[in-house]
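A.B. asks: Residues or ranges marked as compositional bias 'Polar residues' by TrEMBL: 1-10. The annotation compositional bias 'Basic residues' is assigned in TrEMBL to 21-36. Residues or ranges marked as region 'Disordered' by TrEMBL: 1-40, 319-360. Residues or ranges marked as transmembrane segment in TrEMBL: 117-141, 239-257, 294-311, 398-415, 421-440, 447-467.
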Amino acid sequence: MKRDMTTSTHARGSRGPRTSRASRARRPPAGRARRPERHDAAGRPRLAVLVLPVLLVGVAGFQRRWMSDDGHIYLRTARQVLAGHGPVFNAGERAEASTGTLWQWLLVLAGLPGLDLARAAVCSGLLLTVLGFGFATLGAVRLHTRACRPGSTPVVLLPLGSLVLLALPPVWDFATSGLETGLTTCWLAGAWLRLVTRPRSAATSALLGLGPLVRPDLGLVSAVLLAAQWWCTRPPRRAALCSLAAALALPLAYEVFRAGYYGHLVPLPAVTKEASVSLWGRGLGYLADFTGPYLLWIPALVVGAAALWALRRPVPGGARGTTAGRPSARATAAPVRGRPRGTRLAGRPAPHGARRTRAPVGTAGARTVPVVAAGARTVPVGAAGAARAQGPDRARRAQALAPVFAGALCWLYVIRVGGDFMHGRMLLPGLLLMLLPVFAVPATRAWVCAVAAVGIWAVACACWLRVGYAGGIGPAGVADERGVYVRQNASAHPVHHHFAAAPRLRSYARTVRAAERAGSPALVLGGKRLAGSSPSVTGVHAVLGFDGTVVPLSGAALDPIGLGYPLAAHSEREPGGRVGHDKHLPRAWVLADRGTAADLPPGARRAQVAAARRALHCGPLADLAAATRARLTPARFWHNLTGAWRRTAFRFPADPVRAAHDMCGPRAPGAGH
């Protein structure tokens, strides 16, 4: 007996050298395939196919790099901050001319080392666009590969949504332009990537809540993505409140600052463009101006049909018993032969072809028992198993549908407000959102056919399809903005606007600079130099970005449209005007506000100027002037904050006589001017 025990002990000890704890930890768990030592050589071409559109959008954006006039509006505000005047367009007047708050402050950071702000804006916009395409691709890859079961063959993915965007010339144009479009692309794609990969993180909530600071209208996107985050995670009440607080903290803090500092609830361009007015007819025309020339209905039909077909077919490499990422109803409900009805199939197949079952649903302390049945499909069962099966599926559906719904809302909002004057610009964020779930797609038969069809359309669109007013302004007032500035500057890449082919603008610039050199207060209006009431030079021109580059930071660059001039922004719009330019403050108001009574230009009516000067000192107009020009004290901040709603909604007639009557009441008989 002792010998037997010794032999047994020797046999146990002769199994080989004892392994260390670290080496045992490196062993793969039982039943799991060992990972190959070498990298998959076939994965490199698959990766290159996905990365290629990301690189191509960078090349296309660089080939069409430029700076829009509205981009120069951002630059003047950044220069004012760097000069110590605060986030204003003109020193001494608190007006928020920048629509994209985060983009404005990114430009300020870019200017701290002393970089050329125009070139920094162009390069930053292009870099953010490329990053946005990369984030969108990663998000689509994660969305589609998570439906695969562990250990299955990796799913081959092909670019689809990226091909649609890559083929559109407006995407190339606004990859730079100096506007916030690149930041918008990066934020939309990055926020969706975080929603797909880390939906439970508080940092994800904070990122999703930044929409209003990227652009005010992107608050709609933030709301939809935050709702999708809640739907994916279903957190308890306390965690949900913490996530909501993380999402709203920065936007609410800035809104309080905006109301107290500027006296308005929205940026000034939103006031002048009347973002609360419905102009459905004009908006539908703007949509047709974008979708018609590029035949966008072709990729829309192809992608929609492929998506509907894919919903009916199993995901390649997907979990057993799944169809398009959902548990099979047949596999879930089928009872096991020879077992009580209500016994369901378990979630992991047993070895040697057996399958496992659980006790009838709802039975306390249910145990899993093996039943020999080769080839059976298995899914999680029971109350906890059903929740585990439905949770990831519910999250994937929400993550796929949320950007589509948000993009549709963006388009609906743009159509309601009447669109924009730049061709395609305001519709690009919504299009990106709707394409995010299909930015990369599995290489199933339906999706391969869709990629082939969209690829043919993309080549035709990129090479031949163009708007009919290239380099100019269309009949509806929508402009090929880049083409306009290429022509006016006689430059293929107009970053710094010199307007070599626009003699009137160059003449205006010479007049302003001559007035600056003279050193006396001056008002440059209509190309004429007049005596001014401000300490420095005041220039008035409808092209505000150009005006801001010409007028010194100590002076005032005003526009009759109202993008940076609060008085013009609060005037009533002219019916039938060009989109985004349907306000034009009469010069009598500018003469009353910035000129002198002794020096009026030819044709100016003194009665109109006197009526405007009288109206400026009455009621809401006097309050508007105090809110934007009075010294900022705690009392002034509080008054601005509490009156921001009323002040934002205030409008006055453009006719000075009517405005004086409305603001000040009827004039007493015999009263002088």
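Going from the start of the chain as shown, residues are counted 1 onward.
Glycine residues also receive a Cβ, built from the backbone N, Cα and C atoms like all the rest.
Give me the structural setting of these features: burial, nearby parts and distances.
C.D. replies: Residues 50-51, 53-55, 57-58, 61-62, 65-67, 71-72, 74-75, 78-79, 106-107, 110-111, 157, 159, 161-162, 165, 175-179, 181-183, 185-190, 192-193, 196-197, 432, 435-441, 495-496 of the same chain lie 6 or more positions beyond the ends of the transmembrane segment (117-141) yet place their CB under 8 Å from a CB of it.
Through the fold, the transmembrane segment (239-257) approaches residues 101, 202-203, 205-206, 208-213, 219, 222, 226, 229-230, 265, 641 of its own chain, all at least 6 residues removed from its boundaries and within a Cβ separation under 8 Å.
With a threshold of 8 Å between CB atoms, the same-chain residues lying at least 6 positions outside the transmembrane segment (294-311) that come near it are 160-161, 164, 167-168, 324, 435, 438, 441-442, 444, 446-447, 449-450, 453-454, 457-458, 461, 465.
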